[in-house]
Amino acid sequence: MARKWRAGAAGLAVLGLTLTACGGAKVGDDSADSGGSSGKCGTFNLAVNPWVGYEADAAVVAYVAEHDLGCTVNKKDLKEEIAWQGFGTGEIDAVLENWGHDDLKKKYITDQKTAVEAGSTGNKGVIGWYVPPWLAKAHPDILDYKNLNKYADRFKTSESGGKGQLLDGDPSYVTNDAALVKNLKLNFKVVYAGSETALIQAYRKAEKNKEWVLGYFYEPQWFMSEVPLKKVALPPYKKGCDADAAKIACDYPVYDLDKIVSAKFAKSGSPAYDLVKKFHWTNDDQNTVAKYIAVEKMTPEAAAKKWVEANKDKVDAWTK
Amino acid sequence: MTVAIEKPDTAGPVEPEAPARKALKANRTTVVAGILVAWLVLFFVLRGRQTLTLATADLTDLHRWFNDVNDSVGANRNSNPLFLYFFNEIRLVIDNLVTFDQHLISQPPAGRPVPVIGWLGVVGIAGYVSWAVGNWRVALLAVAGFTFFGLQGLWQESMDTLALTVSAVFVALLFAIPLGIWAGLSDRFNRIVTPLLDFMQTMPTFVYLAPLTLVFLIGPASATIATVIYAAPPAIRITAHAIRSVPETTAEAAHSLGATRRQSLQKVLLPMSKRTVVMGVNQSIMAALAMVTIAALIDAPGLGKTVVQALQSLDVGTAFNAGLAIVVMAIVLDRVTTAASTREENARRSKNRFLKWRTPLLGAGAVVTAVLIYLSHTYVWAADFPGDGTVGSHIASAADSVTDWAQDNLSGLTNAIRDVITNVLLNPFQSLLTDSPWWLVGMVLVALAVVLGGWKAGITTAVCVGLLVGTGVWSDAMTTTASTLVATVLVMVLGIVFGVWMGRSMLVDRLVRPTLDAAQVMPPFVYLVPFLALFGATRFTAIVAAVVYAAPVAIKIIADGVRAVPETTVEAATSAGCSTRQIITKVQLPMARSALTLATNQGLIYVLSMVVVGGLVGAGALGYDVVAGFSQGELYGKGLAAGLAIVLLGVMFDRITQAAARRTGA
């Protein structure tokens, strides 16, 4: 009995589904709209390095390339080293926000000749030591490195072995901190948090609970709009003061963030290359888009759309 | 990051007489204590000498040589025939396989706005296949689980992950089953392949992720191969184990009946070990799912990407939602494969009266599934999952508020716990290991290995210590060892408490087990963000993360061990007037001794597999070296050396604990 009932039910279900289905729209009915824009651009392989500021750059460039130039954009989430590696193998066309990386430039631009520079993004990259805003307010003199030793005791943690703790983040970031601590004779120990996530969490908690944290951070960064960290002044940067890595005793230079493309892509005549080359905006622009993504939790596409629609003039300058 | 190492063989040498054995045991404890006291004394005398420390940015010649090899591979890749005709072909085949699977269920192929099979079809297939290979209960679970992905708003991401997992497991099994059979039949091959499998399972993935993209390019092929390297070993081990556990008499009977080698394999060995081989498939799937977030670092599509991206902006809720989808997928696939391995046996036993209707019902099911596939291929409502994933955003905001609450209310307590454990346990132990001369630590390790595990374990340990010094990261290796051992102690404390509780009560077991499963497959980074808020970027956070990952294994093993204690023994003890506490400490735990040592072994290996994750949250040492090597070209060689050091630590501890387990189990 039960079996007959089961078979009957199955049959009814199939019948029911088929009938209801007849009312639905068929796949491919609206394909006329979506299949039209292949243009002469073709595919554009864009590396997306893992920080939100970069994601903002990539979102906007990808949005413009897709909507104004009709490119098929493949965004690939990769760390810097692997993305650069992709220039040679043809898997990556462009890196949009490069922080110095003279080592990679030497390897891929000078030696292997698989990559070329494509100019500045207009963003200024600042690297340095930062403290949470409450601390800068309570002890304004902490913003000078000369006074750091006075407070070293307060920065002690379970990890810093009796000295003050200087918290460093993701290992892929450019850092001279260990040499700086030694050469400036600071009573601090560099502790490696190991990821940007860990670093941001440390600052967020420090600001909330009024804790003492000194760490490595950078701008432009979306987190600054949540907790505006204050930079500690180190001996000012002069050209050449960072020549010998072991003897560095000066601040980080201001990085002119630039774009790198594969040599092949530069010669391809693709409109996407022209877009990358002309792409230029300010730290505020990037922070706005990064904030849409990180704080307001918009998708990168939606964030890009919102910014592009509000900044038509800037975008037009890139595509002309 | 599941590490399945075979259960140590419990059938050891013949048991000595009871009093003699007791004397031997007491003797061994004194010797161990003696070694430790001698170490402490020498430590105070020789402190800070010959510690082989190496600063974070410093390299040794070995590290530079690794860098050069890596660079020359990159420079010659386009002209080398090995690449042109070998690696490139492999890449093409695997790329095509994955892309085919993706077009089927997750990504729209050319000329179609949606994949070939829509959600309704996939849910239908999942239900039908689960029912056909398992039973109707797991079929319901599969249907519910797959529908849940859609409700979470993660349909496409889940299908990408599924496509990649299925492709990787398929490729892994293609190699693993024949190799496993070979290792099961040939002792010599087994001896050669075992260290290789250890290597594949303990070498941190981060180390070979960058070279893989150099050889197989950025794309599905590299992600699949990374997953295969990790997912194949358990299947090989378990297949070999299955072939070996076929009773010798059965194999001999087949032989004496005149069966050829081939016949006895096909007709006797394989059918008899089928059930265990399916468990190998199960382990392979679980290992593949553990790689989802790591593969996302080289652009593997799917849920891993969602997790990684959400964490860039510390969006715990979104990361948790995606992590939950991975957990659900793991639980569905686990239960289905487990049901598949026991189905025939159960069916035979139950004498189900529907049995003779099975074939026609299967046929009817196939027809229904085909109709569902057709519908999902043709109609938009059955192709795109309806709704906008509101369930997912509810889950995300619930997870967010739980984390916020915990961060606001618990951080005083958690900081206290952290400071006590760090200052009382971790710091002294770490300075003992890192500040002693390297040869002293080496000698202590070898001596302990000899006393606990015997001469053979001692020799292995000596070799490992020598190679560790050779890697140039000795000091970092000792820092990591300190954290690892502290984490293992905590794992065992949790393992005994929960294991005994679960072993004694089936109800508790049933309630706790799903949580344990979830803790094992939830990508660590999802819970690491709240942990970072609770404990800061410290070694202790890394220890907690390792404990969360490793404790479930230890708990499960101990629970099974306690349950295996004969009921009559426990009853006898009860009637003799023992209290519950006495029964646990005098009867159940001593009798589950071999389970305890196995749990220690597995706990330790699982903790070691979290070293790299620890490096991302403040553990420093080897984990940080590996991560740094992955992110900076100049540090590549050092990262590789640190990876090798982790493998060496794993092999060393594994051999010592296994040898010790054989002794206590005897």
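Backbone N, Cα and C define each Cβ position, glycine as well.
Here TrEMBL flags B:158-337, B:477-657 as domain 'ABC transmembrane type-1'. The transmembrane segment annotation in TrEMBL covers B:29-46, B:114-132, B:138-155, B:162-185, B:205-232, B:318-340, B:361-382, B:438-470, B:482-504, B:524-551, B:603-623, B:635-653 (among others).
Between the transmembrane segment (B:138-155) and the transmembrane segment (B:482-504) there are fewer than 3 Cβ pairs closer than 8 Å, counting only pairs 6 or more residues apart in sequence, which means the two stretches are not in contact.
Within the chain, the transmembrane segment (B:205-232) has long-range Cβ neighbours (under 8 A, six or more residues past its boundaries) at 1, 70, 73-74, 77, 83, 87, 90-92, 94-95, 97-99, 102, 164-165, 167-169, 171-173, 175-176, 284-285, 287-288, 290-291, 294-295, 297-301, 612, 626-627, 629-630, 636, 639-640, 642-643. Taking pairs at least six residues apart, the transmembrane segment (B:114-132) and the transmembrane segment (B:361-382) share three or more Cβ pairs below 8 Å and count as touching. Put simply, of B:162-185, B:438-470, B:524-551, B:635-653, the stretch with the most CB pairs closer than 8 A to the transmembrane segment (B:603-623) is B:524-551. Counted over residue pairs separated by six or more positions, the transmembrane segment (B:29-46) shares at least 3 Cβ pairs under 8 angstroms with the transmembrane segment (B:438-470), which defines the two as touching. Residues 94, 97-98, 101-102, 104-106, 193, 220, 223-224, 227-228, 231-233, 235-244, 265, 269-270, 273, 277, 280-281, 284-285, 288-289, 291-292, 295, 300-302, 329 of the same chain, all 6+ positions outside the transmembrane segment (B:162-185), place their C-beta atoms under 8 angstroms from a C-beta of that stretch.
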